[in-house]
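Asker: One structure follows; several queries about it will come next.
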Amino acid sequence: MMVEIHRQQPTEMEEKQGLRSSEVLWKRMEPNEHGTFPADPETSRGNSFLDSLRKYKVKEVFTWHLFKTISMSQGLSVLICGTGISSQYLAVRYSVNTPMLQSFINYVLLLCVYTSILAFRRGDDSLLKILKTKWWKYMLLGIVDVEANYMVVKAYQYTMLTSVQLLDCFVIPVLMALSWFILRTRYRVIHYVAVCICLLGVGAMVGADVLAGRDQGASTNIFLGDSLVLMSAALYAVSNVCQEYTVKNLSREEFLGMIGMFGTIFSGLQLAILEHSEIPKIIWDWQVALLFAAYALCMFALYSFMPVVIKLASATAVNLSMLTADLFSLFFGLFLFHYKFSGLYILAFTMIVVGFVLYYSMATYTQEPAPQETAIDGLDNPVSETEDDNRQETAIQFPSGEDAAETTRSQ
């Protein structure tokens, strides 16, 4: 008769698993910088919003970084306002309707400045290296950017101004959805509340436009015009998410250089097809040339500085802050186009700024890919035959009729 007694010895894998589990447990039991013990993330998701309100400190929100971000974002809004006013002057006073020509000039400026910078670089971030490895990505991005600019200008010919202002906000939820899936950005409840406050501010602005009689624009084909605005907003969101990824992981010059190159190509082709008959109708004088230059410089500055602000914050935060661009257009329009003023405009501006500050008051976080943990023996990943063969066991044999015991090791 033979009796085997196995002495259980933990393997190296089991020792690591046990050590990892104890480390995780110790980290959960370790007090944080405030002297309190962190709650389990699985059980604290429900009251995270209330906890954040309790820990809300005004001094930590209103910082120099926030002031700089708001100031630069409002500077971008002023640049957008400049493009709108110059385009309106060209269309209303000089009967110039060439949006693709205006965009083409901007892309040419980007090409001359930023693509030239890439051309003089050496190494992995040089122009030839980028074109060899990522040319098709930037080609698609160039098409997206060109069509987004064209569609939103074209929409004014078919729908009303208020519709464009409202539907253009569609870029915000699309941006948040794309950031969730592509950039793995995770939002808190306070961010959704802030977005709702900003959108309510836009609603107040549109309501003021209606009450003041500024419901301008064509209404020949409202469905087509509204569809163009929605598609333009979706394309802008795609472009902004790609821009955020590029400027935070690669470089601002690479994004602008590639946009300038492919934007020049595709806007030039579209210009030759769609506006070849409109360009000869332009009556050139110093005023028209000055308006074209003002539009091109404002758009070039917008493209140049927007990546800087996005790197400071995020594409979603920057687009929330730039919702005030229509309000700046209104303020300038009070003097240039004799618009009627309404107190709702001040309310709308305040709501947008408050919503942006609330959004910026708490940082978003990025969900990192879960590390591939080695499964516990016998649950998800059974021990392989090699590991089982290497396990050391002690067998004590008691042969019948013998007094001596023989100890053997089975490999």
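Heads up, residue numbers simply count up from 1 along the chain you see.
Cβ coordinates are placed from backbone N, Cα and C, and glycine is handled just like the others.
According to TrEMBL, the feature transmembrane segment maps to 104-123, 164-183, 190-210, 222-243, 255-274, 286-305, 317-337, 343-362. The region 'Disordered' annotation in TrEMBL covers 373-411.
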Asker: Which of 190-210, 222-243, 255-274, 286-305, 317-337 has the most Cβ pairs closer than 8 Å to the transmembrane segment (343-362)?
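Answerer: Stretch with maximum Cβ contacts: 190-210.
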Asker: Are there three or more C-beta pairs under 8 angstroms joining the transmembrane segment (104-123) and the transmembrane segment (286-305), sequence spacing 6 or more?
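Answerer: Yes, the transmembrane segment (286-305) contacts the transmembrane segment (104-123).
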Asker: Mind checking which residues reach the transmembrane segment (222-243)? Cβ under 8 Å, same chain, six or more beyond either end.
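Answerer: Residues 141, 144-145, 147-149, 151-152, 154-160, 163-164, 167-171, 174-175, 178-179, 182-183, 255, 306-307, 310, 315, 318-319 contact the transmembrane segment (222-243) from elsewhere in the chain.
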Asker: Sort out the residues at least 6 away from either end of the transmembrane segment (164-183), same chain, that have Cβ-Cβ distances under 8 Å to it, and list them.
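Answerer: Residues packing against the transmembrane segment (164-183) from afar: 152, 155-156, 195, 198-199, 202-203, 205-206, 209, 217, 225-226, 229-230, 232-234, 236-238, 240-241, 244-245, 314-316, 319-320, 323, 326, 366.
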